[in-house]
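Read through the structure below, which is laid out as structure tokens, and then see the notes.
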Amino acid sequence: MIPGKYRSVSGRAANNVNCGLHLVIQTSSLPEKNKVEFKLNKDTSSFPGRLLQHDLERNYSSRQGDHINLVSSSLSSFPILQRSSEEKILYSDRLSLERQKLTVCPIINGEDHLRLLNFQHNFITRIQNISNLQKLISLDLYDNQIEEISGLSTLRCLRVLLLGKNRIKKISNLENLKSLDVLDLHGNQITKIENINHLCELRVLNLARNFLSHVDNLNGLDSLTELNLRHNQITFVRDVDNLPCLQHLFLSFNNISSFDSVSCLADSSSLSDITFDGNPIAQESWYKHTVLQNMMQLRQLDMKRITEEERRMASVLAKKEEEKKRESHKQSLLKEKKRLTINNVARQWDLQQQRVANIATNEDRKDSDSPQDPCQIDGSTLSAFPEETGPLDSGLNNALQGLSVIDTYLVEVDGDTLSLYGSGALESLDRNWSVQTAGMITTVSFTFIEFDEIVQVLPKLKIKFPNSLHLKFKETNLVMLQQFNALAQLRRIDQLTIDPQGNPVVNFTLWKYYVLFRLSHFSMQKINGTEVTQNDMIMAERLFGILAHVASSELPQYRLISILGDARKKQFRYLLESKGKKPGIINEENNDSKRLVGENTNRATLNYTTRDFYNEKLEEIKEKKKFCKTYIEDLVKEATEINMKNEALQKLWPQMFIELVRDAVIEIRNKNSYMKLCLQQITDQK
């Protein structure tokens, strides 16, 4: 609000004034009698006082009536203002030239005492000819055509400057107006707040209806209490928290869409009244309680008084929103950590595969030089696995060491799915899982884990997660059909998903049929998302049925019994006993039972030996061979020595016998001496 001392004259005195406006045009410097005088009499309406409020689209002006002479001189392009002595006495400190169709500011002589000057509703394009009015306190140029702020450098006492509804594009030339109290620049074309930081006494700033897109550069306005920024294009606000006295801030009808763009308002301790209506943010459901929660000092929001109930509700909703944000932030962090961990596991997996590929290439070169026969273990022919005996490439080793500082595996439970990334995740199966969580898991996914490592934990998987029905394998190095044999030890499988990425076995045309054949006792429903039909089961049996028969027929009976589990041994013995019976004795039902048992038994002989187990077996065989060789060599050596000793004895014995007889005859030749000698020996022994 404009201070009372800056308002126009109000009251009855102004209402009763009926003055005439005298416009005198002087064409030359002729005597007074040659002047042509035009008189326009009118009743001027009163202006009791204008308020510079937050919606200051009207401007302060004074409509007092004056008897004014504007003289146009041939020596100057500006009209010269003249007032009578009576008018100067009556309105000594103010002058109103409102609605005079002025295009320039007239020359005002002899009016150095003026304090209020009104040029409202004219066509003035430039501020000039007022530098001599150094006592001027209020200057009103509302509704003109001014394009630049100028001509004010000498008005050091100016307190109120009203330049609303003009064509000003830039705030400038206010350096000397350090006493300015009210600055109205609404309805112009200003795009940036600038050059006002020195106005430390400014209390009211109106920049409504301009082209501002952001609010900043407000430092130094230590006395500012009201800031009107309505009807702009503002998207974010800064530096408002640096205004210690700001109480009223009007941001209606802008483009503010989030509280983060005006977060500095929360740090303002003096702000009590603010408006956001007409902004996108005001349409949000969280708008009111967010503003109230962050600006506890507010008394009014959007011109409505804030109640204690609204504050309480805002506090409750804000707490819920904060908890939601924290949870969302936590989930985002977990997702990012998951992404980084999976990427790291993938890098380690790629390095490992590259290392294995290099070792395999070296082994192939060695094999080409010295071919080896495939080894037989437990009657089953196994493909030879390359032994990891070669040194690790230095570059790969350094890369692995660099990655070791980050998480190298990930265990994730999402609903009913347990996802394991990296071989280290298999250790999670040793944890104490709650009964509720373990019973909830129905899908287990393996990614970036060697299948041979997975095989070793399948017994634990069966025990820890008894309800698991769906297995997924991605980047697990499934390379041959025999590996599917290992899945037979599980309790149940309804679905099986083998991702083509990192599992070359899916390139085999018949891999699905082999899975159905080998795991037929599970009665699987889907493979890679495709329903299993009865025709698929029949085709699988036709393709691979003979394989199980051949495998079982090649093994001896003791090996078959050792392969079968305890639960099947009785059935297998029954099968062996029934082989000796005549076909006529066995009824139809026993034949069906024998066929079923025979199928399960035959399939059980198709097992899979992991690379580690295979290497252990190789080491065991090598150790046995080494022991046997050493043992036989020792036996041969000992037998050879015995034989040599025996031959030597045979050669020496005749001469030894003669010498023994001779010594005995000589010893007993003197009977008395011999007896004494024997008696002496007996005495010595005692």
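Yeah, the Cβs are placed from backbone N, Cα and C, and that goes for glycine too.
Note that this is a predicted model, so its numbers are computed, not measured.
As annotated in Swiss-Prot, coiled coil covers the listed stretch 303-341 rather than the other ranges in 303-341, 342-380, 615-653. Long-range contacts of the repeat 'LRR 4' (179-200) within the same chain, counting only residues at least 6 positions beyond its ends with a Cβ under 8 Å from a Cβ of the stretch, are 2-3, 6, 52, 56-57, 59-60, 142, 156-173, 206-213, 215-223, 228. Across the residues of the repeat 'LRR 6' (223-244), the predicted structure has a mean pLDDT of 91.
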